[in-house]
Amino acid sequence: MVPEPGPTANSTPAWGAGPPSAPGGSGWVAAALCVVIALTAAANSLLIALICTQPALRNTSNFFLVSLFTSDLMVGLVVMPPAMLNALYGRWVLARGLCLLWTAFDVMCCSASILNLCLISLDRYLLILSPLRYKLRMTPLRALALVLGAWSLAALASFLPLLLGWHELGHARPPVPGQCRLLASLPFVLVASGLTFFLPSGAICFTYCRILLAARKQAVQVASLTTGMASQASETLQVPRTPRPGVESADSRRLATKHSRKALKASLTLGILLGMFFVTWLPFFVANIVQAVCDCISPGLFDVLTWLGYCNSTMNPIIYPLFMRDFKRALGRFLPCPRCPRERQASLASPSLRTSHSGPRPGLSLQQVLPLPLPPDSDSDSDAGSGGSSGLRLTAQLLLPGEATQDPPLPTRAAAAVNFFNIDPAEPELRPHPLGIPTN
């Protein structure tokens, strides 16, 4: 972030001989800030350890999350504790030489967190809109280059201008004695805010809006394909039965409702992510520009807006993994939980639950989402516990060869509509399975 600047090494404020007494009633504020600091450090440390220790989470997409959690961890360990003392005592109570260093780390860590959020949105954008070419575009070396570029930009926007005094160019106001606040000039604030917030936030809005439109479009495609294939299968079997005109329409409505709910969930997810980002950071950057123009923001209000931006580093390790099913499973294996072993044994003992017709599940492949004929080597599912699979195989055997070749190919990105936050980047080689080809 670009905090309200503080004194440089050339300034000579009247630093206090020792820490002053904290104002009355600050005990509750100190307790709340300590909880925020502890939660930020613990949550980010836990998720970094989770990704490093769980092989299922070691992929290119999660590399950006490690960078995000690292920047947020630095905010919790390096930036928040001095900021808490600064807010409680109303002045800088640490060593004088640490003021400029802390200010530079404040700018760098918060800017790196915002830039990492931008990289995550770009990674999601490439993974959803072109999953088959994702591995060719987002290689580990390119991901490393993007992360290093984000950290380099954050460092250049913090240490270099502050050490060289660029933030004071054209600024006539002297620093307040004993304060550690960055009193930057308007040109510096505009350039730094544009590079570290406004441009990344524009990219985040663009990519997430494109993802939302693609998710809605693909949800409609999957619903129409599933409905059409179900009706084709019922016509091909041609089993004599009493006609029930309301059954097909009810099934179609159920499928359409299910996929509409998935699209709605995607919309809510993006709304939460974008809303959290802008609610925490936009007020601070607006106040930062206003402060550089008119110097009319009180220190207390500016501290509140600054801590609101800090809270983004607290919520990132909670919100982002909350919508990723692989993180939930890995967290259940990583943390000691008395119920987890029994649940895993129960799931392993009843494989028929995973092959039943329970509807499409997020994170599955296209063959598992749509009622496609199974490959010939899946004979293990032909027992009594998987009657749905044998019924699909019978449907495929009854199709005529001429009819099978006339089916249009499935869109290769249809599986992405199931849950665009749980796509596995390790399996981008998704090939459409031709409908109606006999498996024998």
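The backbone N, Cα and C atoms fix where each Cβ goes, and this holds for glycine too.
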Query raised in the report: Quick one: does Swiss-Prot have Gly27 and Arg137 on the same side of the membrane?
Result: no
Query raised in the report: Among Cys34, Cys180, Cys205, which cysteine is annotated in Swiss-Prot as forming a disulphide with Cys99?
Result: Cys180
Query raised in the report: Given the disulfide-bonded residues Cys99, Cys180, which one is most crowded in terms of C-beta atoms within 10 angstroms?
Result: Cys180
Query raised in the report: Does the transmembrane segment (97-122) come near the transmembrane segment (28-52), with 3+ Cβ pairs under 8 Å (pairs 6 or more apart)?
Result: no
Query raised in the report: Near the transmembrane segment (143-167), which residues from the same chain, at least 6 beyond its ends, have a CB less than 8 A from one of its CBs?
Result: 2, 5, 8, 10, 60, 63-64, 67, 71, 100, 103-109, 111-112, 115-116, 118-119, 122-123, 182, 184-185, 188, 192, 195-196
Query - Per-state residue totals over the topological domain 'Cytoplasmic' (123-142) - DSSP helix, strand, coil - result: 17 helix, 0 strand, 3 coil
Report summary line: Row Asn288 (serotonin binding site), column other C-beta within 10 angstroms, all chains, value 26
Query raised in the report: C-alpha of Asp106 (serotonin binding site) to C-alpha of Cys99 (disulfide bond): distance in Å?
Result: 10
